[in-house]
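Checked TrEMBL, it gives:
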- 1-23: region 'Disordered' (REGION)
- 1-14: compositional bias 'Polar residues' (COMPBIAS)
- 41-98: domain 'P-type ATPase N-terminal' (DOMAIN)
- 75-92: transmembrane segment (TRANSMEM)
- 98-116: transmembrane segment (TRANSMEM)
- 279-300: transmembrane segment (TRANSMEM)
- 325-347: transmembrane segment (TRANSMEM)
- D395, T397, D912, D916: Mg(2+) binding site (BINDING)
- D395, K396, T397, E620, F662, K686, T795, G796, D797, R886, K892, N915, D916: ATP binding site (BINDING)
- 987-1011: transmembrane segment (TRANSMEM)
- 1052-1073: transmembrane segment (TRANSMEM)
- 1079-1102: transmembrane segment (TRANSMEM)
- 1109-1130: transmembrane segment (TRANSMEM)
- 1150-1168: transmembrane segment (TRANSMEM)
Amino acid sequence: MQCSDSIPSAQTGVGSHRERSGEPVRTVVSNLPFEDLKKREQPNRRYEGNAIRTNKYRLWSFIPMNLFEQFHRMANIYFVGLAILNFVPVVNAFQPEVALIPICIILALTAVKDGWEDFRRYQTDQQLNNTPCFIFSRKQMCFVERRWKDVRVGDFVRVLSNEIIPADILLLHTSDPNGVCHMETANLDGETSLKQRKVVPGFSSLVRVLPITKYLERPDKRRTGFGIDSLLLRGCMVRNTDDAAGIVVYAGHETKSMLNNSGPRYKRSKIERKMNTDVLFCVVLLFFMCLIGALGHAIWLETFSSMPSYIVPDSNGNYTPSVLAGFYMFFTMIILLQVMIPVSLYVSIELVKMGQIFFITQDVELYDEELDRRVQCRALNITEDLGQIQYVFSDKTGTLTENKMVFRRCSVMGTEYCHEENAARLAVISGANEEEEVTIYQQTKLPPLFPLEELQDVHTGDKNHANTQVTAASRRRSKVAAEAQSDMAFSSPLETVVVPDRKLILEVDRQMASIQTGPYLDFFLALAICNTVLVSSVTAQRQRVRVNVADLAGAERVGDVLRALTHIFCAANLSNESDGFHSSDVSDAAGQKVISSERKVKSGLSGSEEVCYEAHSPDEAALIHAAKAYGFTMMERTPHYVTVKLPDEALLKFEVLDILTFDSTRRRMSIIVRHPHTKEIIMYTKGADSAIMERLGNVFSGDKIKCVEQWCGWKAVCFSLKVISEQEFRAWSAVRQEALSAIEEKEERLMETANFIESSFTLLGATGIEDRLQESVPETIQALRRAGMQVWVLTGDKPETAINIAYSCKLLEHEDLVFTFSTSRKVLQCQLTNASVPEQTFTGPLMEPSIGLVIDGPTLSMAMSDELVELFVELCKHCRAVLCCRVTPLQKSAVVKLIRQKLRVMTLAVGDGANDVNMIQAADVGIGVSGQEGMQAVMASDFAITRFKHLQRLLLVHGHWCYSRLANMVIYFFYKNVAYVNLLFWYQFFCGFSATAMIDYWLMIFFNLFFTSAPPIMFGIMEKEVSDSTLLSLPELYKRGQHSEGYRRSTFWIAILDAFYQSLVCFFIPYWTYNGSDIGIFAFGTPMNTVSLFTIILHLAIEIKSWTAVHWVIMIGSVLVYFIVTLAYSAICISCNPPSDPYWIMHKQMADPMFYLVCILTTVVALLPR
């Protein structure tokens, strides 16, 4: 059969941000007609495949790429350069091959660590790429099982219920008769609420398939647009839908989930920046020591009237001039004293930070039993910054509060209803909330598809049911309960149970009995339907028979969709096969037929049936449950209808004409419906009080909402109504459809149409919703303040609500002097100038006032302008607390950047939602709270906690420990290396500055790599100079890190001077002891090496404040390893490093009592100042 239709293609927009080739239009052609062609001949060959690769290295490129990355660190280049320099005969100090060993070991250890991390990423990629999926094959005329890596742009893919979507798919079919597919985006953004996706208009009716250009072009040339609401995103999971199918438009690294995965962010800690400066100081110190050696060698040679016999001439018999010999000696001394720069310091720091992170994540006090979550450390290199925070910027909703919205009261037609009985119930729950509140988690997870999973659910179902019956006495909060909570968000009794107000319910009953219409009924209808809540039934169950893989060919409706495509493909004579897809039964390998159907047990909307709500936000959950408490229960929602059960059990089925979704610019949402009785077109709108009040049609309506201004601390949501004529709606709908079909400036045109229709409202009433404070928030803020931190709260709420919360959480005190700025630019400048005057009149700390600042978003924008920013920052420096209200996410990040850059302080930002991501990324340390607003903040953070109260222990305990441990360890590393290398330097004064070493080079290598490496690493991981209980009871101890008292420039130089003193003692006491004897050079160096080890180890032992068994094992073990290795080396190595000969030296020394006397006496004198 010949067809004249063109091959379907999908064009996803002009100037698409995903298009990497720079083409203005992305055209996707179906792969079905080209299934037999080679890959290079496929029409979509220029698009990436679906296989992903997040690992950096390949097997053949690992070594060069890893070395290239490691050589970005200047210390590695320094040591490799010295090793190469040692191959130059005129300047070499040791055997050239041996000089390469230290840097090679360091590079190898780092490469092994990097390789292991990359191999784990490779394993994850392979596991994901080999996940099974179903792709339609034109040859077999059915969906066949393939792997994710086999999916290509242009393939038709089928996804079953509870399966993860393999690529970004344009939805062309769904088992839902309304053309809707439900998708859970928890893997993408952490949100557990379901999102709706709709089939592309025109495909559900199967009339005709035509080219798609981010729109559907009908036979009459009219275009119907589609957008993100028709796109299934990779990594999300299909829920509450038996199956869905569509064409792949983005695959692999071009999908949204992969484009959003920018990888971990690299931050340099404050200590690391200081440490790099101190490394430069060590380089300068090394330069002067080598310069002294070069000058000393030249002067020493000048003292000889004739060259002594032990100075070897060159091949021509000529002696090197003393000046040139001094120049050569400069480089030889660099090679000899290279250990001045701690080569192993960077690797040790990485190991220490890994250990610190392990102990942070294992802290039981930071474990949330209810959610079964530990603290997460997502940044591996800034643990010590937790101990130096000076400014804390916090979100309010979901961070300081529970984000459990509780319905408190409402106002209808100017009459306020206080809901006193409900308030009493909440007071009782609040009193026992932390100990006895029981959350009954409602399971909405669908039965699994395959028999094995179904069998497992039979055994686990009873357990899950038992968990919902947990009593207040037992309070079992298991992992099963936590998982159940993730399936149904905002479902605790605190949020879902509302006790109706008696006066209000009488008023509702009066209108129901008399006129059946009225403002009270409209108010509760608006609460019930003006939302995006999804409805599911508790009693609804899915029953499936055993399904074979071949059964996937029997999906009749999917086959109908693709049958239409096959009619089009035959136009190009690409196939001689039948033009339809067979929907008959398919035999399996054994010849038996399997049934290819899925049956759902349908249940009617009976009054006895209980419904469950899937809310996208806690606000909507609180409002729809409030409506349900008064008998207005939403029973069903489809794309075209919404059904509400009234208090008299009657059902109202509204036809949905359009939905204007909420956005942060309009700050309101509208639903346009046709009333089933009056046939009027009604628009119900809800939004913030300011967003509704400015668009009221009658000016006197403002009197009805005066009480809302007194609802301090509660979130006010206003509801309004507008009746639209048929003519007005038709005219507006035409403009709306044009905006939906627009290719350019689509968002702007949609905004214009929404603003046009959302006007001349009639105010119905308002609701007051309370967001309760989290546990121990006031105590945490007070502790942070005592620790010297300034706490700011940045929120999008109105000032009244934010101020009330600020007083509740002790951010502001009643005796504080509070400045409130919400004015014009000119007045603001005067206020800022006058506000700076009081601090000049108070001189002593006892007379300094406690100042608070409250500022709203528009005023904040003016305050951050170039002419006012300095005054604003100066005022903020003296404020005890700052509260920014009505601020946007961009303003949050701008405030953090301003304070961090202007005041040069360490900042921390903590938030729980997507609107906090910019703020979290702008701060030095970002903390994400894994609450009820998804996981976007956690994914962008450096550390993730579950409760704001955990911030206290994370900063005051672990922050203090990590900072003090790492600061002391870095200082100790500099001390250790300087003290050891100076032994070689002092010896140069007695050997003519000839770069001779009295210690065998192998033992010098072992000294830093093995003998003295483990103790400082253990010290950096496990040291506790103060107990956690003391740190929590005395937050003032945290100020040590804020002022960098653990790692100052003076601390560094004191450690260097201490190292010089100890090296002098460790050199000259053995020198004076053995002076005039016939002892050999290595026999002379062995006591020095041993004494140096004892001094360095005992020096660290003095620094350790808390000893454990691990400390004893590592400290004693290091000394034992030294003697075992040295004895073995002296016994078996006769000439390992010619011309040296360390044979049996250590054995002879240990047989001499003088050796022990020197070791004891020298160690005591060296450590005497400590």
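Cβ coordinates are placed from backbone N, Cα and C, and glycine is handled just like the others.
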Is the transmembrane segment (1150-1168) close to the transmembrane segment (1052-1073), in the sense of at least 3 CB pairs under 8 angstroms with a sequence gap of 6 or more?
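They do touch: at least three Cβ pairs between the two stretches lie under 8 Å.
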Which one of these binding-site residues, D395, D797, D912, D916, has the sparsest Cβ neighbourhood, judged by other Cβ atoms within 10 angstroms?
D797
If you measure from the CA of D797 (ATP binding site) out to 10 Å, which binding-site residues from the list T397, D912, D916 are inside that radius?
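Those near D797 (ATP binding site) - Cα within 10 Å - are T397, in sequence order.
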Ranking 325-347, 1079-1102, 1109-1130 by Cβ pairs under 8 Å to the transmembrane segment (75-92), which is first?
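Looking only at 325-347, 1079-1102, 1109-1130, the most contacts with the transmembrane segment (75-92) come from 325-347.
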Listing them in sequence order, which of the binding-site residues F662, T795, K892 have their Cα within 10 Å of that of T397 (Mg(2+) binding site)?
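For T397 (Mg(2+) binding site), the binding-site residues whose Cα atoms are within 10 Å come to T795.
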Round to the nearest Å and give the CA-to-CA distance linking F662 (ATP binding site) with D395 (Mg(2+) binding site).
21
Answer with yes or no whether the transmembrane segment (279-300) touches the transmembrane segment (1150-1168) by the criterion of at least three Cβ pairs under 8 A, sequence separation 6 or more.
no
Cα of T795 (ATP binding site) to Cα of D912 (Mg(2+) binding site): how many Å, rounded?
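For T795 (ATP binding site) versus D912 (Mg(2+) binding site), the Cα atoms are 12 Å apart.
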Can you tell me the mean pLDDT for the domain 'P-type ATPase N-terminal' (41-98)?
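The predicted confidence over the domain 'P-type ATPase N-terminal' (41-98), as a mean pLDDT, is 84.
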Among 98-116, 279-300, 325-347, 1109-1130, which stretch has the most Cβ pairs under 8 Å to the transmembrane segment (1079-1102)?
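Top-ranked stretch among 98-116, 279-300, 325-347, 1109-1130: 1109-1130.
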Should anything in the same chain at least six residues away from the transmembrane segment (325-347) have a Cβ under 8 Å from its Cβ atoms, list it; otherwise answer none.
73, 75, 78-79, 82, 85-86, 88, 90-94, 99, 102-103, 106, 109-110, 275, 279, 282-283, 285-286, 289-291, 293-295, 297-298, 301, 970, 973-974, 976-978, 980-981, 984-985, 988, 993-995, 997, 1004, 1008-1009, 1013
At a 10 Å cut-off from the C-beta of K892 (ATP binding site), count the other C-beta atoms across all protein chains.
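Excluding its own Cβ, the number within 10 Å is 28.
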Same-chain Cβ contacts of the transmembrane segment (279-300) under 8 Å, 6 or more residues past its ends?
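Hits for the transmembrane segment (279-300): 75, 322-323, 325-327, 329-331, 333-334, 337-338, 340-341, 974, 977-978, 985, 988-989, 992-995, 1052, 1056.
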Take the domain 'P-type ATPase N-terminal' (41-98) and count its residues per DSSP category (helix H/G/I, strand E/B, coil), listing them in that order.
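Split by secondary structure, the domain 'P-type ATPase N-terminal' (41-98) comes out as 25 helix, 0 strand, 33 coil.
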Once the chains shown are all counted, how many other Cβ atoms turn up within 10 Å of the Cβ of T397 (Mg(2+) binding site)?
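Neighbour count, Cβ to Cβ under the 10 Å cut-off: 27.
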Sorry to bug you, but what's the C-alpha spacing from K892 (ATP binding site) to D395 (Mg(2+) binding site), rounded to the closest Å?
9
